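Undergrad: Here it is, the structure in full.
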Amino acid sequence: MAIESMDGRDEETPLVVDTLGSETPKNRTRDVHILSCAFLLVFLAYGAAQNLETTVNAEGNLGTVSLGILYVSFAFFSLFASLVVRVLGSKNAVVLGTTGYWLYIAANLKPTWYTMIPVSLYMGFAASIIWVGEGTYLTSIARSYAKYTNLHEGTVIGNFNGEFWAMFALHQFVGNLITLAVLQNGGEGSTSNTTLLFIVFLCSMTLGTILMCFLRKIEDKEEKVSADSSVSFCSAVVSRLKLVINPLLDIRMLLIIPLIAYSGLQQAFVWADYTKDVVNPILGEAGVGGAMAVYGAFDAICSLVAGRLTSDLKSITLIVCGGAFFQAVIFLWLLLKYSAASGVLGIVYPLLMAALLGIGDGVLNTQLSALLALLFKHDTEGAFAQLKVWQSSAIAVVFFLSPAITLHTMVVIMLAAIFVSLVSFLFLTLKVEKAFS
C-alpha cells in the first residue's frame, strides 16, 4: 500500500485542498466551463500544428526530432512541476504554461533548428506546469463541489473530467477543420497558406490565455516557497521529489503505470505514424486536417459519455477495456489486412480508423484522470506528476523511433503495449478494489 511521507505532511499541505467560504456550486461549475474553453482555444492551435509537424517540417526530420525533444523535456520537468505549481498557484501555473505553446507556434513561422529546438525545450517546461496545474485545479474544485452539495465524490470527479476532456478533445475537431480550410484554399503546401494558418493559431492561443485570467483563484493555506521562508529552496525541491517518488512505492501506481505509458504511446502513434504513413500518402496535408477532425469529434463525444458513466472502479474498468478493444481492432487491421485503397474506400478507411482511435483516446483521458483522483486522494499532485512523466516519456520514445522503424513494427509494439497495460490494470482491479470502498 501507499507509503506516505509523514514529515513532509507535517511541514506542508497538499496542492489539492478543499476551497472554502463564500464559494457556491455555481462558481465551481463556472470555473470548469472557463478552464475547458480556454484549453480548447490553446490546444486547437497546438494540436493541429503538432499533427502537421512530421509533414510540414519533414526536411532533416526537424518536426519529428523537435517533438521528441519537447516530450523528453516534458518528462524531465514533470518531476519538478508540482513545486512550481505550489509556488505560483494552480491558476497562475496554467496561465504561465500557455507561453510555451505560444512560442512554439511562433517558431513554426520560421522553422529552423535554431528556433525549434530551444523553444521545444522551454515548451516541455511549460507543458509540465500547465498540466499539473490543470489536474490540481480541476480536482480541487470537484472535491469542493462534492463536499458542498453532498454528492458522491467519484461521480463529481467523473462529471468534471468528462466535461473538461470532451471540450479538450474538440481541439482536434476544430483545429483540424481550420487546417483543412486554410490549406485547401489556394493550393496545398503553399508557404503563404501555412504562414496564415500559424498566425490564426497564434490569435486563438492569445484568446485562450486571456480567458484563463478569468478563472477564480483557489484560496488555500499552502505555504509558499520564498526567499525569506524558513524552508530553503533546496529543501523544498527535495521535499517535492519525495512526493513524486513516493507513489512509485505504491503497488497501485506501479500497476497503473503501464496503462499511463500506453496512453502516451497511442497518442504519439496517431500524431507521428498514423498521420504520416496512413493519411498523408492518400489524402495529403489538407487531408491530415480532415482525418484529425474526425478523430477529435469522436474523442470529444466519447470523453463526455465516458465521464458521465464513471462512478467507481468497476465502471472505470469496463470503460477502459472497451476503449482498448476499439484501438486493438485498428492495430490488428493495420498489421494483417490494411492496404491503401483507391476511390471512396481510400477516403473512408483512414476516417474510420480516426474515429475508433479517437474513441480509445477519449476513454483513456477521462478514466486515467478519474482513477488517479480517486485512488490518490492524499497525494494528487504526485500522482498527476507521474501521469505526465510516464505519458510524455512514452510519447518521446515514439517520436524518436518513428523515423527509424516501419509502420508494421510500430503496430506490433502498440499491440504488445495494450496487452501488458490491460493485464496490469485488471490485476489492479482484482487486488485493490477495496480502495474504492
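Just so it is clear, glycine is given a Cβ too, placed from its N, Cα and C backbone atoms.
What TrEMBL lists as transmembrane segment is 32-49, 69-88, 93-109, 121-143, 164-183, 195-215, 251-272, 316-336, 348-375, 411-430.
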Undergrad: Check the transmembrane segment (316-336) against the transmembrane segment (164-183) for contact, please; criterion is three or more CB pairs under 8 Å, pairs 6 or more apart in sequence.
TA: no
Undergrad: Can you tell me which recorded stretch out of 32-49, 93-109, 164-183, 251-272 has the most Cβ pairs within less than 8 Å of the transmembrane segment (121-143)?
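TA: Top-ranked stretch among 32-49, 93-109, 164-183, 251-272: 93-109.
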Undergrad: Between the transmembrane segment (164-183) and the transmembrane segment (348-375), do 3 or more CB pairs sit under 8 angstroms, pairs being 6 or more residues apart?
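TA: These two stretches do touch.
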Undergrad: Out of 69-88, 93-109, 251-272, which stretch has the largest tally of CB pairs under 8 angstroms to the transmembrane segment (195-215)?
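TA: Comparing 69-88, 93-109, 251-272 against the transmembrane segment (195-215), the winner is 93-109.
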Undergrad: Using a Cβ distance cut-off of under 8 Å, indicate which of 32-49, 69-88, 93-109, 164-183, 411-430 has the most pairs with the transmembrane segment (251-272).
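TA: Ranking 32-49, 69-88, 93-109, 164-183, 411-430 by Cβ pairs under 8 Å to the transmembrane segment (251-272) puts 411-430 first.
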Undergrad: How about long-range neighbours of the transmembrane segment (32-49): same chain, 6 or more residues beyond its ends, C-beta under 8 Å?
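TA: Residues 94, 98, 101, 104-105, 108, 134, 137-138, 141, 160, 163-164, 166-168, 170-172, 174-176, 178-179, 198, 200-202, 204-205, 207-209, 211-212, 214-215, 289, 292, 296.
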